Amino acid sequence: MAAAAGEDSGQAPSLASGAPAHDSLLLDDGICFPKWMFWKRRRYVVTLMAFFGFLNVFALRVNVSVGVTAMVSNRPGPNGTIGPEFNWDSKMQGLALGAYFYGYITTQILGGWLAARVGGHRLFGFGVGITAALTLLTPLLARISIYLFVAIRIIEGIFEGVSYPSMHDVWAHWTPPLERSRLTTVAYSGSYIGIVIAMTGSGILAANVGWPSVFYVFGAIGVVWYIGWLMLVNRGPTEDKYIDPRELKYLLSHLGPQKKVTKHPWGHFFRSPAVWAIIVANFSLNWGFYTLMTQLPMFMKDTLGFDLEQAGFLSALPYLIVAITMQISGQIADWILIKNILTTTQVRKLFCCFAFISQSFFMLLTAFVTSPASAVACLSFAVGMGSFAESGFFVNHLDLAPQHASVLMGIGNTAGTLPGIISPTLTGYIVTNKTPEEWRIVFYIASGVYFGGAIFYSIFASGERQKWAEDVEEEREEEKYTEESYINIVSKRGRSYTNTAYVVD
């Protein structure tokens, strides 16, 4: 017997519910609202908050690149030019820029392990919030001693090191398999928007207000975001009291039981070629990424001859391209999977290898161009093409072992953090005179790393769930997610289903 729309029967919609009115607005989740009304779907709210979270993660990470450039540069004064406030040589600058990553690398695996136990949503918010608060102290400590500056950056890295591993725990609870590329690329594009805003905004702030404002402004923004995250985001749909019952039904049917993992098969992790493919890909992408993220403002200013404000803007341009192309790559990847054009393995390999080979080519081309405009264009494409890798290896953990995704992300990101430590230090030793010839060596190295990563990933990557990730008990638990269990979950909340169209068989 069919119940009419608008009738309150006091029970949950059936798992076999028919299509409600306004079919043109109906998505797979059964909610009769268009996609742009993101607040009607809690997984979209989580994605949007994650977008702003990663915006803050990278703004707090990148602002130091422009900040240090301003700290060691001459400044305009009332009676002419004033010398730099800090007399740090290139090696000390490399230490200051790389210090963050010494802390960042230490909490990757730990962050994944903790996320699986205390909840990725809690850990992600806490990590960003504490880092933002510490950023507010940076100017004070820098003026006391460079070693205190380095120390505070290391501590900030420790707290932000949990961000990516903990977010993979959030995705495991909130993103259905056929929406993963789209939702994760939307969220992770916040990283690149954060770089754009931080580099552009930091250049303007440093040139017009002074370098301390770079840390005060972005630190304050991060604290405000943390408050919003605490108010809006829960670990999973079953814990979200504002979720629409139709979305809850949809997520439970696609994700299965939401349970905490108590044991990780560490031996299988490190014996798996597919896991090593992710590890190598993470290292390869981040070598060029961190080289440019930390050193590009100096390259723009000292070698290409742009002033501080121009250097900040032009350094941000490549990351704006990434933020835009990420939306395209995520949509294309999920479309290919939905249409069954390629397998998950083929999609992951195609997108990752296309990104790396393109980046290798443009990095190599940068070493040979002679004009500043050509160099900026090549570097923009070298960074921009990396967005396709986000739909490749960066969501690959969820394919291999969704219940262990946060830990696998921690392992991969540990390798991916090594370039953040090695690259700025190595560049500091190579680029001592700031000549184009010295920078050419830096670009050669980055090009080679990208190409090597493409070869390795193309051979060993997989998009299939691994045998060691198959859990018999979990499969039995999934079978228990019947109509009755769904009704029990939503009935405990005392929900009324007024204005819900459904069919009861």
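From the backbone N, Cα and C atoms, a Cβ is placed for every residue, glycine too.
From a predicted model like this one, the values you see are computed outputs, not experimental measurements.
What TrEMBL lists as domain 'Major facilitator superfamily (MFS) profile' is 45-465. What TrEMBL records for 44-72, 92-116, 123-140, 146-164, 185-207, 213-233, 273-293, 313-338, 350-368, 374-395, 407-429, 441-460 is transmembrane segment.
A Cβ distance under 8 Å defines the sequence-distant neighbours of the transmembrane segment (441-460), meaning residues of its chain 6+ beyond its ends; these are 273-274, 276-277, 280-281, 283-285, 287-288, 291, 295, 349, 352-353, 356-357, 359-361, 363-364, 366-367, 382, 392-393, 426-427, 430-431. Among residues of the same chain six or more beyond the transmembrane segment (146-164), those with a C-beta under 8 A of the stretch's C-beta atoms are 53-54, 57, 60-61, 64, 86, 88, 92, 95-96, 99-108, 110-111, 114-115, 123-124, 126-128, 130-131, 134-135, 137-138, 409-410, 413, 417. At the 8 Å Cβ threshold, with sequence separation of at least 6, the transmembrane segment (350-368) lacks contact with the transmembrane segment (123-140), having fewer than 3 such pairs. The highest tally of CB pairs under 8 A with the transmembrane segment (407-429), across 92-116, 213-233, 273-293, 313-338, is held by 92-116. For the transmembrane segment (123-140), the list of distant contacts is 50, 53, 56-57, 60, 63-64, 111, 114-115, 149, 152-153, 155-156, 159-163, 166-167, 169-170, 211-212, 215-216, 218-223, 225-226, 229-230, 233: same-chain residues at least six beyond its ends, Cβ to Cβ under 8 Å. The domain 'Major facilitator superfamily (MFS) profile' (45-465) scores a mean pLDDT of 87 in the predicted structure. Among residues of the same chain six or more beyond the transmembrane segment (213-233), those with a C-beta under 8 A of the stretch's C-beta atoms are 45-46, 49, 52-53, 56, 59-60, 63, 66-67, 70, 121, 124-125, 128-129, 131-136, 138-139, 170, 198, 201-202, 205-206.
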